[in-house]
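Read through the structure below, which is laid out as structure tokens, and then see the notes.
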Amino acid sequence: MWRHAAARRSAQIRRLLSTSAPSSGAGSAVRGPCIVHKRGTDILHDPWYNKDTAFPLTERDRLGLRGLLPPRVMSFEQQYERFINSYHSLEHNTQGEPDSVVSLAKWRILNRLHDRNETLYYRVLIDNIKDFAPIIYTPTVGLVCENYSGLFRRPRGMYFSAKDKGEMMSMIYNWPAEKVDMIVVTDGSRILGLGDLGVQGIGIPIGKLDVYVAAAGINPQKVLPIMLDVGTNNEELLEDKLYLGLRQPRLEGEEYLAVVDEFMEAVHARWPKAIVQFEDFQMKWAFETLQRYRSRFCMFNDDVQGTAGVALAGLLGAVRAQGRPLADFTKQKIVVVGAGKSSAGIGVLNMAKHAMLRMPGTHKIGELGEGHNQFWVLDKDGLITKSRKDLDPAVARFARGYGPEEVEDLHEGASLVEVVKKVKPHVLLGLSGVGGIFNEEVLKAMKESDSPCPAIFAMSNPTTKAECTPEDVFKHVGENAVFASGSPFSNVTLSNGRKGYANQANNMYLFPGIGLGALLSGARHISDGMLHAAAEW
Ligand SMILES: NC(=O)C1=CN([C@@H]2O[C@H](COP(=O)(O)OP(=O)(O)OC[C@H]3O[C@@H](n4cnc5c(N)ncnc54)[C@H](O)[C@@H]3O)[C@@H](O)[C@H]2O)C=CC1
Ligand SMILES: CC(=O)C(=O)O
Ligand SMILES: [Mg+2]
């Protein structure tokens, strides 16, 4: 009896262990077998297990695939090469087409591979992340989100809508993976600088999680992109026949928070250790949800905290690039454009101020005090001073008029060019979402900066919303300028043949490390200290 049972069991195990994990490219170590409970076309239609023509004949026999594939067996490396060739042939075939057409064609071919064969997809992505990041991430992901309802072919991730209230705890179990480590969730209310894109914002969590896989080596089977659809206030989408989200105005107030609360409870009931990254929520909800959940769950807000970390790293790097000791960071004059009430800019100001107060070497912690203000902050109404009506408390500590180092002759609401001319800042940082706002006049005024190497950070996304281009900076500010942007630009050839670097200041350089660090350390919360450390190191 025992022998029969054991034989049955070992036959069952042989069937289960019937495919070897695909090699992940040239020179990779041979891995163990991979357990597959499916057979035949079910395997070919499952992107986790599908190897297309790379199934060897023995596996085709074992898995019931014989006859379901063309007879020629290709190696993983041959498939890889074929994909890369067809990707690059797109560049040739779309010559003369607008950039957006070429980028969308590239996104489509990558997305089709993602839908078909995850192993090959992540291999090509990891090996070519520098080339593919502008396609799966900003700027092309913005275009994809804008056109998502028309581009939609297959779902990816999970969708929780306001209509699912009361059901989320059971819905969460519809996700097929047993374990999830990393979740990126959006409500689609502020997608890059493109505004409210409703359900179409799902492209952002998908792109961010691809960056997690490529940059931090997170297991792609343990990531989950999520859309919380609470409606949209985008009239165009509400009238669009193809729009795939709820056709209702956004929930507000307690109704909104009740949906997010239920979602967070559901996620943590199933995966108590999952890390949740909030992404592209309009800022009033970004700050509110961060305060609401940060001590209960392992979560962070990428736009508030990740952006602040990467901007701080840039500000510290600018001091070095200007040839000054790091302690001089506390003496930098920084103009921040786009940091009104509830904005990513406020996150940057808070973290930079905190870093100044903690700066070792020059003074004891706290010595600088609240009155120390190295910032000039502008929002859509110009320079923010203490005489601003209805001054938000979060902005008030950065409003001019409180500090001893006041530039007296700048008035409330002063324009950007006035501020730059008077202050002669070392750094001009934009998170305004207003493309081209650092115009020729502003950049020429930066030429008179008190630094020989002024730094200009045009951090708004996507490319169309960048405050300026690197060409404009090197032309109008000078070839010693330090430039960084949120979306990628090409380097610029300077007059002497040297390279003018178009650096990138995007939270993608920080969030993968935060997620990975939190995961490996088993952190229960993500503290400000972790973000500071990530920025400073
Ligand atoms: N590079 C990066 O890693 C990141 C970039 N961003 C980008 O930052 C931008 C803004 O995002 P949020 O803060 O969430 O948007 P938001 O709409 O909450 O804030 C924008 C701020 O810009 C101000 N503003 C608008 N027009 C202005 C003008 N003409 N002059 C000066 N200020 C003006 C507004 O008053 C507001 O304070 C977006 O384009 C986004 O893509 C956001 C997060 C990360
Ligand atoms: C980069 C990013 O997170 C944003 O533009 O919202
Ligand atoms: Mg974002």
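Every residue, even glycine, has its Cβ placed from backbone N, Cα and C.
Just so you know, TrEMBL annotations never went through curation; they're auto-generated.
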Site co-member for divalent metal cation according to TrEMBL, given GLU279, ASP280, out of ASP261, ASP303: ASP303
Nearest of the recorded positions (ARG190, LYS208, ASN506) to ASP280 (divalent metal cation binding site) - Cα to Cα: ARG190
Neighbour tally for ASP280 (divalent metal cation binding site), based on other Cβ positions within 10 Å of its Cβ: 24
Candidate binding-site residues ARG190, ASN461, ASN506, pick with smallest Cα gap to LYS208 (active site, proton acceptor): ASN506
Extra residues within 8 Å (Cβ to Cβ centroid of GLU279, ASP280, ASP303), divalent metal cation: THR186, ARG190, ILE204, PHE278, PHE281, ALA286, ASN301, ASP302
Cα-proximity to GLU279 (divalent metal cation binding site), 10 Å cut-off, over binding-site residues ARG190, ASN461, ASN506: ARG190
Surrounding CB atoms that lie within 10 Å of the CB of LYS208 (active site, proton acceptor), all protein chains: 27
Listed in sequence order, residues with CB under 8 A of ARG190 ((S)-malate binding site) and six or more positions away: ASP196, ASP280, PHE281, GLN282, MET283, ASP303
